[in-house]
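**Q** Below are the features I grabbed from Swiss-Prot:
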type: TRANSMEM; residues: 7-27; note: transmembrane segment
type: TRANSMEM; residues: 41-61; note: transmembrane segment
type: TRANSMEM; residues: 71-91; note: transmembrane segment
type: DOMAIN; residues: 249-276; note: domain 'PLD phosphodiesterase 1'
type: ACT_SITE; residues: 254; note: active site
type: ACT_SITE; residues: 256; note: active site
type: ACT_SITE; residues: 261; note: active site
type: DOMAIN; residues: 427-454; note: domain 'PLD phosphodiesterase 2'
type: ACT_SITE; residues: 432; note: active site
type: ACT_SITE; residues: 434; note: active site
type: ACT_SITE; residues: 439; note: active site
């Protein structure tokens, strides 16, 4: 044991000295540019970076991260010491995460248990969804909220249909409106929503609005002030004033939630902005998917919002008036389950449910996602499913909005294609849907991408659907999207140019950090 510790200490010290040497060379080389000519100052900088690199190396090692993440951070720090040092301070530090989110996790668990029904769904599940029993049990143990069989769901295709439904719903509000968004724009759509919220607030409707401080950093102060002055409570999620000193910058609220009077809700991939209506010159047509809910399951969506609200404001509003969603009677609705994922989860809830969905497949697995940075578990599950003869299809955009993620995603294509996965690139515009469909009777719609950031860092929310009418529309939409896509063929893809392979491999190396 002592020899092992000595070896670890020696390796970390060598790593720190290497980073320091790189730093010394870089600073010396650019000394004229940055105005440092005194050798003693260079020496002090070098010593400081030696100590910092050693301490960071120790922290990375002791955090017991996944080996790929540990190795990636050490490589980045070694090759790009200055960039790596500040990148780690911004995005890499993980040692306060447990303490930061421990209280929220406990409060969420208590609230979810308090409002989790005691109905025994087991007989109904076993009768209608025997092969998905494992998925139901897993969701229950991971802390997911109730499965509702008395909720109407409707798939909303693209921005026009989605925002027309949302605007109509906001106008119907009589008691309260709760909204939670990653990106809010001060443009035509944003202004239209703002005007409705102001009018509703004047009518006495309670309006609460959470927006992510980083995702909506371009949102004007006048937009926020106008809403606040009208009585709308507009609250930022994790505001960031000094990014380098604020480790919250890496944990963002990626959720998109609208709740109207506690009985109607919306969740999915669309943020608030004109580009989501296809009005961006670069992207053009914007392909996205949202879900409308009416009935019992809206209570689960409400709980997720109210717990986020309490986390940011300290205002506890778990009152019965907000949690009285009415069941929609009928035997044909199918099952709906809302699942919250985030850095406050002990288990990576959404990732594990994706994995269980893939593992439960008997005929088909269809995935639409704008970003594909899977971890080893998801990647292996998809390859094994394809090798077993299951129809595995992956639909992605043909043009990037984030080049690093785009090329890193493509680095996974060769091994997937070799295993028999069919990969398509959507060419009509930009594909932003976050959809998983298994065997045409099990699906997920939500905010979580098929990437490590959604699995580990972002606050997300997904609706898992079991044999609902909305799944049938999802299946048809997916088929329609394939008509607007081109299939990537394995032979042709393996012949792509060398510089593309190098770019993809380079970004693949950084994929644990993306």
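The backbone N, Cα and C atoms fix where each Cβ goes, and this holds for glycine too.
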**Q** With every protein chain in view, how many other Cβ atoms are within 10 Å of the Cβ of residue 256 (active site)?
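**A** There are 23 such Cβ atoms around residue 256 (active site).
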**Q** If you measure residue 256 (active site) to residue 439 (active site) at Cα, how many Å is it?
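**A** Their Cα atoms are separated by 27 Å.
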**Q** In sequence order, which same-chain residues at least six apart have a C-beta under 8 angstroms from residue 261 (active site)?
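**A** Sequence-distant Cβ neighbours: 172, 173, 174, 175, 176.
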**Q** Measuring Cα to Cα, tell me the gap between residue 254 (active site) and residue 439 (active site) in whole angstrom.
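**A** That separation, Cα to Cα, works out to 28 Å.
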**Q** Looking only at DSSP and grouping its letters into three states, which state does residue 434 (active site) belong to?
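**A** Coil, per DSSP.
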**Q** Taking only same-chain residues 6+ apart in sequence, whose CB is under 8 Å from that of residue 434 (active site), what do you get?
**A** 268, 269, 289, 368, 369, 370, 444, 445, 446, 447, 448, 449, 450, 462
**Q** Output, ordered by sequence, the same-chain residues six or more apart from residue 439 (active site) with a CB under 8 Å from its CB, or 'none'.
**A** 360, 361, 362, 363, 364
**Q** Kindly assign residue 254 (active site) to one of the three DSSP-derived states: helix, strand or coil.
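**A** SS state of residue 254 (active site) = coil.
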**Q** Take every residue in the domain 'PLD phosphodiesterase 2' (427-454), average their pLDDT values, and give the whole-number result.
**A** 96
**Q** Counting only residues 6+ away in sequence within the same chain, which have a CB under 8 Å from the CB of residue 432 (active site)?
**A** 269, 270, 276, 286, 287, 288, 370, 397
**Q** Please report the number of other Cβ atoms within 10 Å of the Cβ of residue 254 (active site).
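**A** Summing over all protein chains shown, residue 254 (active site) has 26 other Cβ atoms within 10 Å.
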